[in-house]
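Encoded as structure tokens, the structure appears first; notes follow it.
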2 protein chains.
Amino acid sequence: MQFRKRQGETTVTPPEDHDAGLYFIGRIHTPWSDRNDCPRQGRPDGPECRIEIFPPWVDAIEGIDRFERLEILYWLDRSRRDLVRQNPKADGQRFFGTFALRSPQRPNPIGTSVVRLDRIEGPNLFVRGLDCLDGTPLIDIKPDRCAFTPQAPPKPADSPGGP
Amino acid sequence: MQFRKRQGETTVTPPEDHDAGLYFIGRIHTPWSDRNDCPRQGRPDGPECRIEIFPPWVDAIEGIDRFERLEILYWLDRSRRDLVRQNPKADGQRFFGTFALRSPQRPNPIGTSVVRLDRIEGPNLFVRGLDCLDGTPLIDIKPDRCAFTPQAPPKPADSPGGP
């Protein structure tokens, strides 16, 4: 299932080779199995979704329950990667560069969302705030930067006027 | 240059094969050429950094000047990817799962920052708020989700109580 290019949208030929490789570290289970049903953006009061962590990464969630808000990165595996100018309203009128949009169609189709962590059961995190299709591959989980105080001590560059 | 594992930290053997591939779409130029000089987290009043966009992706920045705040994704290419439990203070006392940290050492070492866009010159964006090493590969740029109103019309799942 590939997204169709719309009239007037600009594509480029991506490089032949990849520069780095990703591991799918889990899978995201949501209520949306069709692109048209997904919200444009997740909501903190949206439906509960399940993030399943695959072995061998399950031990990496230790201590994650200290955070109410998590940043989730996922791979938008049904996106096209060659669009540089898009027409999001499909009206043939206004075009935007891909980097001026949060569209799933982008050279590296990585989605990011901030979610609320409801609960943890074994290798599963139950969260609210996602917007992606059911079955989307998970690539990272981090504490939300707003909520996070680094555990390691500050360095000179962390001070105002630091290097 | 690989980060050394600290005593008591837990590693796993990552899968043999990657599941997806990334393109490096640009390069980030910062004042920090040594890991110890980087801030732990970028600051909006930090030094100006330059994000250089590579061809063929330069046209994708069209319209990006409408946004003061951008989300930047980059590849932490000098990180190790096999740590699941880390000891960020290097004190041998407190260990945290990798997903409960924003450490650069993670299975998919993608950094995310929100930056302030100062100006654009050709294929270069000048921004403040980064925390990464000079030369870090760029993988995506998006309008910050807080600042962004989707261009495409809302869908039913965007409403409270929506599907």
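Cβ atoms are placed via backbone N, Cα and C, with glycine included.
What TrEMBL says about this one:
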DOMAIN    A:22-153  domain 'TsaA-like'
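Counted with DSSP, the domain 'TsaA-like' (A:22-153) comes out as 13 helix, 49 strand, 70 coil.
Taken together, the residues in the domain 'TsaA-like' (A:22-153) have a mean pLDDT of 94 on the 0 to 100 scale.
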